[in-house]
Structures are given as C-alpha cells and as structure tokens.
Amino acid sequence: MARKTPIERYRNIGISAHIDAGKTTTTERVLFYTGVNHKLGEVHDGAATMDWMEQEQERGITITSAATTCFWKGMAGNFPAHHINIIDTPGHVDFTIEVERSMRVLDGACMVYCAVGGVQPQSETVWRQANKYKVPRLAFVNKMDRTGANFFKVYDQMRARLKANPVPMQVPIGAEDSFEGVIDLVKMKAIIWDDASQGMKFEYGDIPEHLLADAKKWRENMVEAAAEASEELMNKYLEEGDLSEADIKAAIRQRTIASEIVPMMCGTAFKNKGVQAMLDGVVEYLPSPVDIPPVPGLNEDDEPVVRKAEDTEKFSALAFKIATDPFVGQLCFIRCYSGTLNSGDTVFNSVKEKKERIGRIVQMHANQREEIKEMLAGDIAAIVGLKDTTTGDTLCDDKAIVVLERMIFPEPVISQAVEPKTKADQEKMGLALNRLAAEDPSFRVRTDEESGQTIIAGMGELHLDIIVDRMKREFGVEATVGKPQVAYRETIRKVCEEIEGKFVKQSGGRGQYGHVVLKIEPQEPGKGFEFIDAIKGGTVPREYIPAVEKGVRETLTSGVLAGYPVVDVKVTLFFGSYHDVDSNENAFRMAASMAFKDGCRKASPVILEPMMAVEVETPEDYAGTVMGDLSSRRGMVQGMDEIAGGGGKIIKAEVPLSEMFGYSTSLRSATQGRATYSMEFKHYSEAPKNVIDAIVTSKAPK
C-alpha cells in the first residue's frame, strides 16, 4: 500500500507541561482545529471507524489515549496535509518514568508554560529529560489572558532556570484581559483570531503603533538567531541588514532541530487564540522522522547498528506504553522506526526472545479509533492482542534481530501492604494489580512470604496512591493500605578473605557433602553482584559451580542485618572439596549459602537507605523554617536559588526517604499552604549507626 503522507510531512510530537499550565486544554484545542480541517470519514471512504466516544459513554470510563493522530494543513490552509502524532506526556514527577518513555519515541516537543506561573520545578525535570534524549522543542506560553500573565518573564525564566536559548517568533498584543492576539515577527503582521468561529478564522492586520518599536527589537533578535545558522546567512544579514521570510524559517528550523534554540510562541488555549499558530510552528520548525539521526540499537552479537526511517528497511519498533481497555483487552502502543508492519504478521520480541502475532492495528483520533491494515516507518499506533510485550520491548523482523533500547527501570523505593476490603475483592485485586504492573514498569507487586500480605512498591507516595485509586475506579476493587515502608538495601564495607561453608550429613545411606571456601568483597555503589569462579585443579567439580552461585544468589535476597536485599558484593569461589558419592548440587548450594551468610557477618555489614532529591519552592519569609525542618529530617541542604522573577526561594536538598513521609502536610502547615515541593529518587547511601540499630531492632523476631 502506498503512503498517503510522505514521511517528510510526519511530526511525532509531545505536548509537555507542568500540572497547571493548561496542557489538556491545549491538546483539546489542537484536536479540535485539526479535526475540523480533516474529516476522517472522507479519507478512507467508509472504512470501519468505530465511534469511540459512544463506547466511552456506555461504559462510563474515559480511555485517555497515549498517542493521537491528527492532520494539519496550516492556519491559512497554506501547507499540504501533515500527519501529526501527539504523544501524551504526564506532568507529575512521580511519573518521570512515563515522561522518559514518551521522550524516547518523540521527534520533537511543545513545552507549554503558564504565563503566570512560568517555569516550575517539574518543568525543569521534563526539560532535563528532553536534553537527555536530545529532543528539539518549541515553547508555547499559555494563559496569556490570566491576571499576572507576562510573556517576557517566562522568557527570562527559561534562560535563567533551564539555561535554554529561547527565540520569540511572536510577541503578545496586550496581556490579561486586554490580550488580543500576537505579532508574527517573521511577517511583521498582527494576527487577530475571530471569537465567533472559535478561532477557526483569523486576519492579518497592522501592528499597533505603540508596539512597533518593541516588535522591531524582537524581530532583530530573531533574525540574528537565524543568521547564526551558517556563515553564508551571517554574511547576507551583515550586507543586507535583514533576511527573507524563507531564509528565516529554514534557519530557525535548522537550529531548532540541532537543539541550539527554542522558538517561542504564545496565546490562550482556553480563549482559542494562538494554538493554531503553534501548530504551524510544529510543521515549520520541528523535525520529521527523517530529520533526526537514525535510531541506534544492538544486533544479535551485541554490536551497534542503526535503523533508518525508511519503509524498505527491515522492520523495527519500540513498545512505549501498555494501556488496558476493559473490552478490547490490552493495547500496546508502538512507534515504528523502520520498515512496515501488517496486521496478521508475526514479529520477534528481541527483549523477551519470543514471537508475537500482530492482531489488529488501531490508530486513535480525537473522537474515534480507526483500524488500519499496516504501519509504515514513522507511524505510531496501538496493537491489540500481544501476549508477552511490555513497555520498553523491541519488536523486529526475526531475520534481522535488533534491540533498540535496554530499558533501565528504576528500582521502587517505597512499598505498602494492600488488603482487599472483602473476600469478593480478593481475586479481582490480584487481577487488577497484575494489569497495572504490566502497564507501568516502575510499579511492582509481590507477596510477602512471612505474612502472606500483598505488597505493592513504586516511586513515591503519590505513585502508590494513584495505583490504589485506579484499582477502585477502573476495576471496582476496594482496598485498605498499610503504612508506607522504605525499600532499604544491605551491603558490606570490608573484605572477608576466606570464609568456609560445609554442609555434611553422612549418617548412613546416601549422604550430603558440600564444602566451599569463598572470598567476599564490597563493590563500588551501583556495580551490583558479581560471582567469580577461581577454582584450580578441580577441588570443586565443574558441574557443582552453578549450584554454588545459585546458593549465593538465593541468599542475596535476605541480608544478615535485617533481611533486606544485599547489593554491590563480589564473591570469588577459590577452594573447596567434594565426596565421590555424597556430593550433589543441593549440598553445594547449602554450603555456599552458609559461607556467604557467615562472610557477610564478618565483613562489616551496613544498611543503605534511599536518598531523595527534594526541591521546595517557598516564599522568602518561610525559607529559614523550611531549611530548619529539612535539616531536622537528616537532610543536607545543597543550595538555595531565587525563583526567577522574584517571589521566593527554591531550596534544594538531599533527604532520606524514611524522613519524608507526611512531608506535604507538615510543609503546608509550616508555610500556610504557600510552599510546594517535588522529590525524586537520587541514590542509595549508608544509613547512620543509630538508624541501622533502630531498623535492626524493629525487624528482630518479637
């Protein structure tokens, strides 16, 4: 099947924002304008499009789509139709894993900022992730009609807090109640949108007299930014004092894709002003799949390879989100990086090393879902019926195996026991938790062997609250939750040169005999567990060595101090002995386990606790109180910045997670509700002796 839209006219973008910047309204307006311009029914001549809103109303649930496809021909109908996939990115820091996931499959992003609130802490987290994945972006300053709106303040904050290089492509006409429209600095015209048509119509007008000098200053700033794209343009600019519209747009596009600049626009999504021009900006300045480097991966032999965004290349795709639809089952959203995929194909999941059959392929639109027969390079769609694929897996052609990314998911730092309220909820709860764990790799479920309780673990208190809330909302399961528990770890600090483990039972008949000598030493943080076989002369036969490693690995799950998992140790097996008749795998497994436990006791065991990076935004009057409170929680205050544009302080600190429970309540009461905070996991560090003693005592058998 031939392409309907050439890949150069594809844009895979995310709309990303802090919680209150108005992302939802902005996205809704994007879907409204693009949907009106392009009636889906016409394109496919009565192809089966199933109305998705009706289903939602019948079921009373809302399915938020992880990726929505729409088309845009330009505010003035001046472009051929562009195929835009909008990937949803959550705004909360507990879901940074979700943001990372979506950043991975984006080619560009629109960062939405509130004209009043400006750049918030979460905006910084998202910005850092966009830097990490080198995502070109443009900025849209929303809510220009709100009291206190100030476009230029946001410009200053982007420079100060994000160290960004924003280039306004527009400046506002008025602000707050008097916000009328924008000045297009490329055309040097005012754009005024028509209220009656909900912003569908607009007209170009002359720039208001009192704004002309300002507009000229900002235009010069923009043209200079464009001229820096190449020596040739710089010379042209120096000779002629200006650049043509085509030159400016091409140069701004080039520098945006190289992540050197961030074009800035503004408007108010709620009042239907500005989003239309932002969509034009997406088409004009953000990259298509072929404007960015081909996707890197590893082949079967772990050698680096790339996959070009071409239909003729071998098929490769990344699963970036699993969503559960109670009626269709699991939807797996994938981004096709290269090649083509047809419904009915069998593909290879190179992470799980299993084959998967592609059932139906569906594309989500603003108010309907459409079944498509094939996906091409650059496409994003959802697949129904995958059995083993989870977030972060690669799907590829089994004759050209590639792994696009080894997803590294953070280990959960907090856990809670959950119990169903009634017997009837018991089975439903298990099902619900497994479904939710399949969707979100940073959320884990396990059963505590001693108490038989179900334990859920995640990235923060809010993360687990939302999981419990979703169980109730989507699966109808009422549950009670226990007190949050911190995920401590254990490690050792000294080397234990030689520790012996002997497991012998020889009392007649078939006996048991296993004997090992191990060296146990600490590794640098994050290095994990390493097992080295240094047996010389067959003192432990080859066939028993895996059993020795297994014995040590099984013991790692429960440390000697308080039963927490042991991390960052290196174990070397260098000597042992065996019995021709009585030795077996089980005996060596037991001997290794005993030796490792003994060795850990002698190697100065310690407990590690998760440390969180905490950022508090507070009015200046309360800064001292906040810092004192963080210090009393064993926090290390690492610095204090001004909130850009005045209005308070940002305090950055590193605080143990165990001291942060209930922090939001105490921060609220200490600052009369005027301070906000965000926190994310930073690293594990050794707990002080008094804390270790308290943990050990609390875990001791009563």
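Cβ from N, Cα, C; glycine included.
If you look up Swiss-Prot, you'll see 8-290 marked as domain 'tr-type G'. As annotated by Swiss-Prot, GTP binding site applies to 17-24, 88-92, 142-145, with the evidence given as sequence analysis.
Overlay of Swiss-Prot annotations on the structure.
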{"residue": "Ala17", "record": "GTP binding site", "CB count, 10 Å": "26"}
{"residue": "Thr89", "record": "GTP binding site", "CB count, 10 Å": "23"}
{"residue": "Met144", "record": "GTP binding site", "CB count, 10 Å": "28"}
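DSSP gives Ala17 (GTP binding site) a strand state. When secondary structure is read from DSSP and collapsed to three states, Met144 (GTP binding site) falls in the coil class. Averaged across the domain 'tr-type G' (8-290), the predicted model reaches a pLDDT of 80.
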